[in-house]
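Q: Can you keep this structure in mind? I'll have questions shortly.
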Amino acid sequence: MTAQLIDGNALSRQLRTEVAARTAALKDRGITPGLAVVLVGDNPASQVYVRNKVKACEDVGFHSVLEKYDASMTEEQLLARVQALNNDPSIHGILVQLPLPKHIDDHKVIEAISPLKDVDGFHVASAGALMVGQVGFKACTPYGCMKMLESIGMKDLRGKHAVVIGRSNIVGKPMAMMLLAANATVTVCHSGTADLAAMTRQADVVVAAVGKRNVLTADMVKPGAVVIDVGMNRNDEGKLCGDVDFEGVKQVAGYITPVPGGVGPMTITMLLVNTLEAAERL
């Protein structure tokens with residue numbers, strides 16, 4: 001058996017077409033969704049991510065603002081910029097690209113963003129809303145993963161066992177909560193898990209999100225399982241790869257996401273969805 005690919009690029013195109021149509025309808029009412037992206041420092045990877053996000057905004061008809069600052073920017077200065085964007089009626093979503101320089105407290109900056117404009121879904125208000133099942137912005141990467149599951153007919157995961165490898169605030173924890181909300185039985189594995197393979201072999205859905213190559217290999221996967229690879233790493237040849245041993249696991253799994261072309265484009269797409277919904281709530 002060879003797994004079917006869940007094509008993140010194709011699904012993203014479909015969803016972005018829907019976003020563009022809803023954006024056009026909003027513009028007819030005199031509202032243009034606006035996203036502000038703030039980049040501090042010259043991290044090369046961050047510059048690529050930011051460029052992709054701004055282009056995606058332009059493609060669907062959003063108003064986007066990119067603010068670039070030198071790494072010497074103080075925390076106080078950044079907090080002041082965030083507050084100014086909170087008060088800007090043309091901006092519906094604020095994204096501060098992480099990581100920030102070491103002298104700036106990521107958490108303090110995220111908490112300074114208005115929960116009404118927290119389109120990354122990282123604010124404690126957003127995390128709390130997810131926890132208790134209220135309406136709030138969902139973290140973009142796990143939100144994209146859920147859309148990928150929906151695309152293969154797995155919107156309701158009742159009776160399914162899902163294993164999340166990773167417990168970060170950005171992916172692992174919100175991923176577990178979204179799977180739980182979809183009625184899955186959820187196990188979260190991490191560096192303190194004694195026998196990872198024993199857990200993953202029972203799973204109908206595995207989400208790998210630790211940033212470590214080959215954390216999931218073919219012998220660890222239940223035949224026919226759905227494998228979602230959130231990882232972004234480089235192999236020995238310098239090529240982009242995920243957390244999953246793709247070539248091996250695709251021989252066992254029922255569905256698998258590729259890297260690149262899987263979760264990555266979906267993350268940006270869900271950022272667009274969140275920004276659009278922020279504008280629609282006006």
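Cβ atoms are placed via backbone N, Cα and C, with glycine included.
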Q: Which candidate from Ser126, Ser191 does Swiss-Prot annotate alongside Gly166, Arg167, Ser168 at the NADP(+) binding site?
A: Ser191
Q: Other than Gly166, Arg167, Ser168, Ser191 themselves, what residues in this chain have Cβ atoms within 8 Å of the centroid of the NADP(+) site's Cβ atoms?
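A: So the additional residues around the site are Ile165, Gly172, Val188, His190, Ala209, Val210.
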Q: Over the residue list Gly166, Arg167, Ser168, Ser191, recorded for NADP(+), what is the maximum interresidue Cα distance in Å?
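A: Taking every pair of listed residues, the largest Cα separation comes to 11 Å.
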Q: Output, ordered by sequence, the same-chain residues six or more apart from Arg167 (NADP(+) binding site) with a CB under 8 Å from its CB, or 'none'.
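A: Those within reach of Arg167 (NADP(+) binding site), by Cβ under 8 Å and sequence separation of 6 or more, are Lys173, Val188, His190.
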